Amino acid sequence: MADADGGSNLAVLDALDSARTQMYHMKAIVIAGMGFFTDAYDLFCISTVSKLLGRLYYQPDGSTDSKPGALSKTANNMVIGVALVGTLMGQLVFGYFGDKLGRKRVYGVTLILMAACAIGSGLSFGSSRKAVIGTLCFFRFWLGFGIGGDYPLSATIMSEYSNKKTRGAFIAAVFAMQGVGIIFAGLVSMIVSSIFLTYNKAPSYKGNHDLSRQMPAADYVWRIVLMIGAFPALATFYWRMKMPETARYTAIIDGNAKQAANDMQKVLSIEIEAEQEKLAKFNAANNYPLLSMEFARRHGLHLIGTTTTWFLLDIAFYSQNLTQKDIFPAMGLISGAAEVNALTEMFQISKASFLVALLGTFPGYWVTVALIDKMGRYMIQLIGFFMMSMFMLAMGILYDYLKTHHFLFGLLYALTFFFANFGPNSTTFVLPAELFPTRVRSTCHAISAAAGKAGAIVAAFGIQKLTYNSQVKSIKKALIILSITNMLGFFFTFLVPETMGRSLEEISGEDGNTGAGGGGAPAAANAGVGVSASDVSRDEKFPASSTEWQTSMHA
C-alpha cells in the first residue's frame, strides 16, 4: 500500500494500520466483546432450561405417563428458534443503519434491547401455558433482534479500529467472548439450580410425578437464569456510549478527513494531515452502491463465499449446541428423565453443557486468536470444516458403538466443537468485516451473518426434529447430514480470499488497487504480504494510560 504522504491512502488510515497495540485496543475488545458474551449467554441458556419448561407446563397434575412432561415439538422449536429469527432480522436492520447512520449512533441501542428483553423473558407470566410460552417467545424474538445488531456493528467497529498486523486476532478476540458466554450459560444454570435443589428436596419422577416438578421453586429458577443475561449488557452500556466513531467512517462516509484526523490525534499521539483534497479523489473512486454491477464485479464472489460458508457452518454449529440435551443421555452424561426430579435434570444438563464448552468450545476460540494472523483465515476455515466433517461422519457411522464407549463419544463430540471454533465459527465472523468497502461493510457483514442465522433456523426447526427425544436412528441420520453440510462448507471456502496482513482499503480496493482478488485465492500470499518491523515501529502510539483512553472516548 502506498505511503501516506504521497500514495493513494489517507494518512489517518495509514496511522491506524501501523499503530502499535495499546490499551485503546484492549478496551475496545472488552467493550465489544461483552456484547458477544451477552449474546451467547442469552442464546444458549435456553437449552439448559427448555426441559424444565416441559416439566412445568406440559405435565398435567396427576399424570400417569412413564416419562415427565416435555415441550411439544412446535413449542420446543418456537422457544429455541424464535430468538434466531429475531437475530436474523436484527442483523439486517442494524447492519444497514450502521452504514447509513454511523456505527456508534446505533451501537448502544442493541444493548438496551438485549437487557430489556432478557428481563422481560424472565417475567413471562400468564394464566395458561400457551400464554407463558407465547409471552416468552415474544420477548425472545426481540432479544434476538438486539443480539443480531451486535454482530455487524461489533465486527465492523473492531476491524476499523485495528492495526493491520493483528486485526484478525482483535476481531477474533471479540468473537471469542461468545465462548465465555456459552460457558457462563451452563455455569449460571448449574449454580442457580443447585442452590434451589439444596432447599427444595424432591423425589424423582418415578417416585412421585407431581412432587418431582418442584413447584413453585423450579418456576423461579428458569426465570432467574434468563434475567441474569441483562446484567452484562447494562454494565457495558456506559462505555459503548463513550466510544468515538471510527475514523474510517468519519473520513470515508461522512467525508470529514479533518474530524477523523482530530479524533485520532486524541487517540494517537501524532500529527496527522487532514488531506481533504485527497479524500475527494478517494471517495470518487469508491462511490458505488451495494446493488450495482461494480460491486458485483469486485465483490460478488466474496459475498457469495461469506454467506454460503456462514449458512452451512451455522447449520452444524447450532445443531451441536441446541441438541446437546438430546445427545447427552447417549453419552452417559445425564440420567434418564424419569430417574430424576426437575431441578436435578436441569443441573445435569447444565453441568454437561458447561464441561463440553470448557473442554471443547472455549479452547478453539482462543487458539484461533493466537494463530489467525500467523496461519491466516483461509487455512483455519478449511481445516475446521474438514475436521468437523470427519468427526461428525465418524460419530454418525459408529453411533451404536459409541453409545457404550462414553469417553470416546465425548472426545469426538468435544473435538467437533474445538474445530468449529478453531475454524469456521470464528473465521466466518472475521472475514466479512475485512473484505468489503467501508461504505457497505456493516451491511455486507449483516447479510453474511443473516445467512448464518438462516442456517441456525434450519438447525432449530429442522435438525432438532431428528434429535427430538434422543431417537437413535434419527440422531445417526442428523450427524451424517451435518457431516455433508460441513464438507460443502469446505468447498465453498474456495470462494473466499485471504485477508491477512493487508489494510482494509487494500483488501477492498478502496485505495485504487483491484481488491482482495478472485474467489479461492489466498490473496495475501499471492501478493507477498507481510508486515515489516518498520510497519510497527513508527512513532504513532495509542495511549497507554486509562486517562488518555477516557479523553479519546469523549472525542
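Just so it is clear, glycine is given a Cβ too, placed from its N, Cα and C backbone atoms.
What you see is a predicted model, and the numbers here were worked out from it, not measured in a lab.
Membrane sidedness, as given by the topological domains in Swiss-Prot, differs between Asp17 and His405. The transmembrane segment (168-188) and the transmembrane segment (299-319) are not in contact, since fewer than 3 Cβ pairs between them lie under 8 Å (pairs 6 or more apart in sequence).
Helix, strand and coil counts from DSSP across the topological domain 'Cytoplasmic' (152-167) read 11 helix, 0 strand, 5 coil.
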